[in-house]
Every structure is written in structure tokens, then in C-alpha cells.
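J.: Next up is a structure, given as C-alpha cells.
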Amino acid sequence: MSSMKPKSTIVIFGATGDLAKRKLFPSIYKLYQKQKISEEFAVVGVARRPHTHESFRNYVKETIEEATKQELIDETFISHFYYHPFDVTNTDSYQQLKSLLEQLEEQYNIPGNRIFYLAMAPEFFGTISANLKAEGLTATNGWTRLVIEKPFGHNLQTAQKLNEEIRQAFSEKQIFRIDHYLGKEMVQNIEVIRFANAIFEPLWNNRFIANIQITSSETLGVEDRGRYYDHSGALRDMVQNHMLQMVALLAMEPPIKLTTDDIRSEKVKVLRALRPISHDEVDQYFVRGQYGRGFIRGKEVVGYREENNVDPNSNTETFVAGKLMIDNFRWAGVPFYIRTGKRMTEKSTKIVVQFKDVPMNLYYPTGETIHPNLLVIHIQPDEGITLHLNAKKSGESMKTTPIKLDYCNNCIDGINTPEAYEKLLYDCMRGDATNFTHWDEVASSWSFVDPISEVWENTKAVDFPNYEAGSMGPKAADQLLEKDGFHWWPISSTM
Ligand SMILES: NC(=O)C1=CN([C@@H]2O[C@H](COP(=O)(O)OP(=O)(O)OC[C@H]3O[C@@H](n4cnc5c(N)ncnc54)[C@H](OP(=O)(O)O)[C@@H]3O)[C@@H](O)[C@H]2O)C=CC1
Ligand SMILES: O=C1O[C@H](COP(=O)(O)O)[C@@H](O)[C@H](O)[C@H]1O
């Protein structure tokens, strides 16, 4: 990795789409504003919609203004954007794209460094990769990298096929598989909290931790993504990738060094150690839900089956809760509970590490319990850490009261946490793949998730819809913990 400002052309396939508009253009702008990338760069948008370079620049400008809520006055920045309209299945057009890139590389003195960002439906990933190689766009004097959006396959088999296709054109080192949760500030902080604090790591195991809970709840429904989501569901959309990545970061052994390979190999070991769930065991370990009508912040919303582009009899889950066991020395016997869903009470991603109770309760010999110690990692929207301890209740003789030590990451003046895509794009430009998923992680995650989706696809959920929009999911998700003697800790910002 070079310490110089990265310099490359970025080709965005799917440049007129939602992801480019909401995440990619604003991220490139932020990197430019912060002077993190070289002033000599070029972005080429590819999609079918007709645009000239000029009309595309206007479009990009509008999208950035909409995202940043600021007027974009820097005309120089926008002049680095170009547009090349074509259907990516049409092989003839790649030669023209190649000529444009060569011309821009000369104009901006870019040494053949190219990022191909596939912000398109996955069905095109293989075709684009093959065409880029066949038409000679990957052979340059510099480096070429391929950024792949999710979903990476629909199950292990399709993911393997896709991987083989893109590996025909790009080596593993050139492939940057995006999991945007890995770009979140507090997800990246998990590793630092664990490995830079002498007080946590000695306790970070089955002798002291009772359970770990990860919740990622959303208030949004499927919005305009019904067509994709109805074939995906929450298990593939959130669990196979984001939730399992957080589990891996929480459970991995300290890497030998903070290199991409060392960290990834520790994460893979966790994913391989996940106790496989057989078809017969799915109901014991996993709960699915689908939202019905309800209220989100006082506003009535429709049920999932009434959403656009969703089958009115859909069997797709919009909520998942699960109990994961990691069969290794460190974690044997410690449940990791995960839950994620749409149209829930609050938008919140939180990790709660619940420590085991003190060995003997000196303060309430009559049976009242002491509040367990909790370490809460607030991923979003609030970013921070809270440690729940017990202290003496003022004025009362030897009674305890729960107290909290709080650190708020995004309350500090001047800290403007970069958006996940901004960080990941920057990492990719620098060639740092640490916060992208290696194929081995993807494969292990699919192996774990596949039996669950197979059972759910083949058995109709008779009780769907089984949770009201605006609630915390179906009752069965609470029972999953209750049968182990635990309960979900609240996700409110006061936790
Ligand atoms: N949107 C989001 O928040 C997220 C998206 N993703 C992933 O990112 C990818 C893109 O998603 P999103 O932006 O929402 O999708 P959209 O449907 O909004 O955009 C798709 C883009 O592909 C272009 N396109 C479609 N077919 C062709 C073709 N044959 N040739 C050339 N261009 C084509 C479209 O442009 P045109 O019609 O002009 O050809 C458009 O620019 C998907 O893999 C998605 O799963 C992942 C996480 C979040
Ligand atoms: O990848 C996805 O993530 C979003 C949730 O991301 P967040 O950063 O807002 O927590 C989810 O809405 C979407 O369905 C899924 O594809």
C-alpha cells in the first residue's frame, strides 16, 4: 500500500442507479473534498440511459447536492465525470470504453490504475468481468480492481459459480467484495475495543461471558426493492453477510498482525466453527417473521404482502432471530443471539455483551438479583460504548444500583464519521482489502445459512404475517432466549 494519494479511474457500472446516486457519488465527493484522493482522477459512468458527459455531470451534481444538502460549487470536481452509455451485455461497446479510459489516463496522467465498480444487479457480474478481460480492459501498466456489490450469490452453489466466473478474469487479490457494515466506524471499532484494552480480552471467553446479542433493526419496509427482496428475504439480505461478519469480528482470535490476510484468516476460522444447523434443527435455533400492518412513529403502514412487487401470498421472511453456537475452546457454550428485521420499532444496530453473574450475591441474600455487567457497542445511529456496572446506592446501606460508563463517538465536536462507502472506496483505491470479504468467508457464511433457507423455502410459514409493523418482531424471538434463561436487552438509545 502506498502512502501517496491514490490515483485511478473509477468505472461505475450502474451509474444511473440508486446505489451510485445515494452512496457512490457523494463518497467520491467527500474523498475529494478531504483531499484524500489525487486531484487527477476520472470517473466514468456506464448505464443504458442516454446521457452526454455534460448531462451526466449535471445529474451527478444534483445527486451530490441532494445527498449532502449543500450546493456543489466546485465545478472542477464535476468536470472529472464522464459517461459511456451502453448495454453491458453488448461486447462491442467495451472497446470504446477502453479507448475512453486510455484517453483519460493520458489526460490525467493516471498510470493505468482502474477500479471497476459493479453497482448493478448480480446477474451481470460474470458477464461484465468476462467482457472486461476479453476486450483487454484489465491489462494495463498499473493495477485493476473489481468491486462487487451484494448479493454475492443466492446460496453456496450460485456463489461458487459466480466466484468461478469472476475468477476467470480477476485474481482473489483484485476482487473487493463489499459488505458495507465493515465500513462502519463502530464495526471497525470492535477489534480495537477488544485488542487495545487489557481489561476486556482476558474476560472475552466462555468463562466470563454469558451471551452476546446483536440486533440490527430497521423501521423501513422494503421500499422500492420488493422485486429483489421477495426472492432474498432477511436471512440472505442481512444475516449471511452483515450479521455473520459482526459475529466473526466479535469472536475471532487476536490476529498475529493487523494485516488483511491475518485478520481475514481469523474471521474465517470463526465462520468455520459455527455449529452447523441441520434441517431438523432449524426451528430450534432460528425464528422467522414477516411484518403485517402497523404503525411506525404514529404513521400507519401496510403489511409486507401489500408492498409493491411483492407476492400477495409471499412466504419471504422480513425478520430473523437466531441462536448461533461457536464450537471452539473460547466460545463453547456461549450463545450468540442475532436478530434483524424490517419495520421494527427503531432503526438501531447494537451489540450487547452480557457477562456472567458474580459467583455469589453478597448484597441481596434474599434472592433479588444484581444487574449483570453489560458492554454495549452502539453501531448506529448513535455510535459509542456503554459499560454497565453496579455501584452502591447512595444513602442506603449496601444496596446496589446499576450505573453506566458512557462514551459517545459521534457526540464529540469535529468528529464527522465518514460514511461506510466513503471509507471502503478509499480502502479499495489504496489496495487495502481488510474490510472486504474474502471468498472463504463468503463460502463459509453460505454453508451455514443454506440449510435454514432450504427449510424455510420448502415449508410455508402458516402464521405469516406474525409481527406488527412497529414492533420488535414475533413472540417466538423472545422465547428463543427465554428458554435459555435470557432476554433481549432493549435497543433504545438509553441502553
Ligand atoms: N441501492 C442500495 O441501497 C443497495 C444496493 N446494493 C446492490 O448494488 C447493486 C445496484 O443496486 P441499485 O443501484 O439499487 O440498482 P438499480 O436498479 O437502482 O440500478 C441498476 C443500474 O444498472 C443499470 N443497468 C441495468 N441493466 C443494464 C444493462 N443491461 N446495461 C447497462 N446498465 C444496466 C441501470 O441503468 P439503466 O437503466 O440506465 O441501464 C442502473 O444504473 C445491486 O447489486 C444491489 O443489490 C447493495 C446494497 C444497498
Ligand atoms: O445491505 C443492506 O443493508 C441495509 C441496512 O443497512 P444500514 O447501513 O442502513 O443498516 C438494508 O436496508 C438492506 O435491505 C440490505 O440490503
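Along the chain as shown, the residues are counted starting at 1.
Cβ atoms here come from the backbone N, Cα and C positions, even for glycine.
TrEMBL: automatically predicted annotations, no manual curation.
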J.: Per TrEMBL, what member of Asp237, Asp311, Asp327 joins His180, Lys184, Glu218, Lys342, Lys347 in binding substrate at one site?
T.: Asp237
J.: Taking only the binding-site residues Gly14, Thr16, Asp18, Ala20, Asp237, Lys347, which have a CB closer than 6 angstroms to any atom that belongs to ligand 2?
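T.: Going through Gly14, Thr16, Asp18, Ala20, Asp237, Lys347 in sequence order, those close to ligand 2 turn out to be Asp237.
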J.: If the criterion is a C-beta within less than 6 angstroms of any ligand 1 atom, which of the recorded positions Lys184, Asp237, His242, Lys342 pass it? List them in sequence order.
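T.: Result: none.
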J.: Counting other Cβ atoms within 10 Å of each Cβ, which of the binding-site residues Arg48, His180 scores lowest?
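T.: Minimum Cβ neighbour count within 10 Å, taken over the binding-site residues Arg48, His180, occurs at Arg48.
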J.: Round to the nearest Å and give the CA-to-CA distance linking Asp18 (NADP(+) binding site) with Lys184 (substrate binding site).
T.: 20
J.: Go through Gly14, Ala20, Glu218, His242, Lys347, our recorded positions, and report the one whose Cβ sees the most other Cβ atoms within 10 Å.
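T.: When each Cβ's neighbours within 10 Å are tallied, Ala20 leads.
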J.: Please give me the recorded positions out of Thr16, Ala20, His242 that lie within 10 Å of His180 (substrate binding site), comparing Cα atoms only.
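T.: Of everything listed, what lies within 10 Å of His180 (substrate binding site) (Cα to Cα) is His242.
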J.: Out of Lys184, Asp237, His242, Lys342, Lys347, the recorded positions in the record, which is closest to Thr16 (NADP(+) binding site) when you go by Cα distance?
T.: Asp237
J.: Out of Lys184, Glu218, Asp237, which of these binding-site residues is nearest Val88 (NADP(+) binding site) by C-alpha distance?
T.: Asp237
